[in-house]
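Here's the structure we're looking at; comments come further down.
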């Protein structure tokens with residue numbers, strides 16, 4: 001195996017960028033598939049059944065392989081994580097907190113405006129028990145201690161995805177393409193990759209996912225090449241939308257078509273969510289260092 005890596009390192013400058021990207025994902029897939037199959041058997045899940053709460057263990061197993069793949073790629077390409085935007089310094093943490101704050105505020109504005117306009121409404125969750133029917137206030141879901149666990153998972157997922165799709169892949173693709181084209185291709189792959197988990201739900205979100213990736217790319221540019229803001233911003237969006245989605249905090253009021261609020265209640269599949277991304281992107285453009 002070491003000889004193979006050494007040969008790849010020597011041949012790397014002559015290998016087309018798209019071939020490198022293909023090898024990256026094929027290697028990742030080949031390493032993950034045996035683990036995924038064993039976990040699917042253990043979880044008693046098989047396609048095309050909905051993943052439900054079985055998604056998290058599978059995602060975790062997929063991302064646990066990433067450090068090895070990225071280490072091998074840095075060695076073959078003779079680069080460091082800093083070349084991909086990950087700097088081990090306090091400034092990165094500060095940038096991450098700025099991104100986290102920006103993401104939380106942007107979601108508050110998105111849902112707040114829609115609530116004010118009457119496009120969506122808060123809903124109480126009714127839970128039937130043996131003796132009575134208990135009504136859970138939606139704000140209790142937000143302040144629940146489990147939200148901290150979701151935040152930590154969101155930070156892990158966002159850091160992993162940013163390092164791959166806004167760090168590694170664009171840098172590989174810039175060997176043969178301009179910065180903008182490389183970013184567009186990397187974020188197209190980012191959007192398409194989400195189809196693996198829930199194809200039907202993800203399909204209407206593809207344009208939004210691609211645009212989200214481009215906004216996160218702009219976040220790296222605005223942060224002087226660091227992934228700090230992008231990681232924080234991405235984590236906030238994952239965190240906020242996961243809480244809203246799993247706790248079923250809101251529902252469409254049906255005053256406007258669902259393509260405005262989000263098809264199947266997915267913000268990235270709606271005009272309001274797209275407008276949020278455009279607004280965030282504009283702000284990041286103005287923040288460029």
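Cβ from N, Cα, C; glycine included.
Here the structure is a predicted model, which means the values were calculated and not measured.
Per TrEMBL, these features apply:
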TRANSMEM  20-43  transmembrane segment
TRANSMEM  55-76  transmembrane segment
TRANSMEM  96-117  transmembrane segment
TRANSMEM  138-157  transmembrane segment
DOMAIN    147-237  domain 'CAAX prenyl protease 2/Lysostaphin resistance protein A-like'
TRANSMEM  177-197  transmembrane segment
TRANSMEM  209-239  transmembrane segment
TRANSMEM  268-287  transmembrane segment
Can you see whether the transmembrane segment (96-117) and the transmembrane segment (268-287) are touching - at least 3 CB pairs under 8 angstroms, only pairs 6 or more apart in sequence?
yes
For the domain 'CAAX prenyl protease 2/Lysostaphin resistance protein A-like' (147-237), provide the mean pLDDT of the predicted model.
95
